[in-house]
Amino acid sequence: MNLKTTLLGHTYQFRDLKEIMAKANEEKAGDQLAGIAAENAKERMAAKWVLSELTLEQIRENPLLPPEQDEISRVIEEDLNKKIYAEIRHWSVAELREYLLSSTTGADEIRRVSRGLTSEMIAAVSKVMSNLDLIQAAAKIEVITHCNISIGQKGVLAGRAQPNHPADDVNGIRASLFEALSYGIGDAVIGINPVIDTADSVKAIMNMTKDVINRFQIPTQNCVLAHITTQMRAIRQGGHADLVFQSIAGTEAGNRAFGIDLALLEEADALAHSEGTGAGPNIWYFETGQGSELSGDAHYGMDQVTLEARCYGLARRFKPFIVNTVVGFIGPEYLYDGKQVTRAGLEDHFMGKLHQLPMGVDVCYTNHMKVDQNDMDNLAVLLGTAGVNFIIGVPMADDCMLNYQSTSYHDIATLRETLGLRPAPAFEKWLEKMGIMSGGRLTAAAGDATLFA
Amino acid sequence: MMKQPIDLQELTDRIMKELQERLPQRESVRQESPHSRESAVPAEAPFLEEAPSPMVPKPQSPEQLEEWCASTPARIGVWRAGTRPLTRAMLKFRCDHAAAVDSVYGEVKRETLEHFGLFSVDTQYGNIENYLKRPDMGRVLTDQGTEKLLAECRRNPQVQIVVSDGLSANAIERNLPDVYPALLDSLQANGLNSGTPFFVKGGRVAVMDHIGELLQPEVLVLLIGERPGLVSSASMSAYMCYRPRKGMMESNRTVLSNIHQGGTPPVEAGAHIGTLLRNMLEQQTSGVKLVI
């Protein structure tokens, strides 16, 4: 494996693949915090150059975290289709990039090749792609999933209604949910982050949202984003959950910090299939986000893009209905400014899609980042163009429970009208029946929550 | 969103439950009018006076809309221009963000520190940009700060009080005048005595460990500005730890969060901290193992 290059009159010798992968990243505060980022712009380019010439086989043969030491590495290795891999193992990372971007490569070709790629290969190729590369390649990929309805079709932009309340007041949550529905939002999921992580409280929110769905015959699915063990208790005690949720990390140790492991996810999967209320076959909702492994001191010197890709390697085993990268939630020590958040959002969306995952993005920021709502407007448009399956809808983009800013009900409606995108087909039919949408545009009645009074 | 480790979550649950029983916090959330979001801002704030009614021009049920808007601090009933928000709603949102940002980049006034008799030491944060990017540097005092502590502070105090700006100088400016005297009263009422208090500029929560090593207190309470939200840019937390030392686990700290007008009332928080500290001393532990 060649770890050396001469660039602009300077010879760069890298220690190993892990160092090259880290230094080939675009600038990220989290890689700098971990002490693994490129020293300067030239070293970054040298790493990209060397990486582009490595073969897929060299990446597989030099595991960053050996399968013997980590169950996520084992999942990724086990789920690799060895025959398809054998056909492409001699490709360089540069050739993989060019294959993905080639005008003769379409959705079907990418779907097939993706089965022969490990998460590390997918991370590697993203490091030698520009933002527009990431957008164009992702836009080719169509990942349609079905829980109670199908989402992910070309030309569809779904929205998660996220009507959180700082005290889990079900009346307040319901009011905000009606506001979401009146703007045509809620086809991806009606998903609430609870404050109180107890089975009783979670069950109450599950069943309130399910009642609303039944009462107005809304073609969608519900989910309460408590810890998976709490959701399992709530389901066993009679809670109605179409989807089950969990935040995941890219290493076994990272997941342990989240209080989960593979066995627990499998147990939850079995429970959701036997006692969940969703039609399926896709019944999972996963969330990820660059930086969580480092914050849990579970990164093993790997960069945050590679770790994020490994989350997707884990997620694809469970054939989720939706996956959401919460791209700017974790703070400036991982993604410092609007430029870093934008890059991470596009990387995550592309890497998830190349894993054939139904990717959504929480286009978001906290108040101590050098980011504002204009950055969110920009990234939302870029992702809409890249074919993101769904984004998040909170009232006026201000989540009054989680204390961060995301995208709004208005924003999703605007992206649909501006980019010519539509709600999920089954949901759009329902919106027409309710008089909220006509011909793909909001009617004069839309935006009045008391349509549901 | 990204979850904390489960033990931390359990801890938060327990404290939330405790708070719900003791404090009228939840009621105050509900009573807030939907548009009076700068709960940290005293009465001179113009938006509090207006408390605008829902902006939907011809709702199917005006009464229902009023009721729903009152049921949540979320920005609903805001209406639209095409698919975009109305101008006032949009600018109001940006105003609240501006307040939050300024809070991160603000400084605690020297007069405030003097008023409470707090001298100031720095962590190794260097500058605000570095502070945000390098939390590790906010966990260690400078050599100069270390010397100053050793020169000025009483060793082995029963209770060590530390104040830090953290992510919101505004939180200290707004809440210290209520929390600090209440805390001192509460220490006295609980029969506890405290060492030499001081202020840490550029502090992170785990700076408690470094201070613990230097001064060897029985318990330490750190009053620190939280990451500002739009509802409040002036929310403070009290982190407490029994015998804080290097390498202390997150789960060994007890936290009382969301201290601001409209959240956990500052005076009651100050009083409650004294009780928590006494429990820690009695049980010789803090964090998830503390029975409260």
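Even glycines carry a Cβ here, placed using N, Cα and C.
Residues or ranges marked as substrate binding site by TrEMBL: A:Arg160, A:Ala161, A:Gln162, A:Asn193, A:Glu287, A:Asp362. Its Cβ placed at the centre, A:Ala161 (substrate binding site) has 29 other Cβ atoms within 10 Å.
Secondary structure from DSSP puts A:Met401 (adenosylcob(III)alamin binding site) in coil. The adenosylcob(III)alamin binding site annotation in TrEMBL covers A:Pro194, A:Gln246, A:Ser295, A:Met401.
Separation of the C-alpha atoms of A:Gln246 (adenosylcob(III)alamin binding site) and A:Gln162 (substrate binding site): 16 Å, rounded to the nearest whole number.
If you take the Cα of A:Gln162 (substrate binding site) and the Cα of A:Pro194 (adenosylcob(III)alamin binding site), they are about 11 angstrom apart, rounded to a whole number.
Of all the binding-site residues given, namely A:Arg160, A:Ala161, A:Glu287, A:Asp362, none has its Cα within 10 Å of the Cα of A:Met401 (adenosylcob(III)alamin binding site). For the pair A:Ser295 (adenosylcob(III)alamin binding site) and A:Arg160 (substrate binding site), the C-alpha distance works out to 27 angstrom. The separation of A:Ala161 (substrate binding site) from A:Pro194 (adenosylcob(III)alamin binding site), Cα to Cα, is 14 Å. In sequence order, the binding-site residues near chain B, meaning those of A:Ala161, A:Gln162, A:Asn193, A:Pro194, A:Glu287 whose CB lies under 8 Å from a CB of that chain, are A:Asn193, A:Glu287. Comment: substrate site residues A:Arg160, A:Ala161, A:Gln162, A:Asn193, A:Glu287, A:Asp362; largest CA to CA distance 15 Å, whole number. Summary for the binding-site residues A:Gln162, A:Asn193, A:Gln246, A:Ser295: the Cβ-based neighbour count within 10 Å is maximal at A:Gln162.
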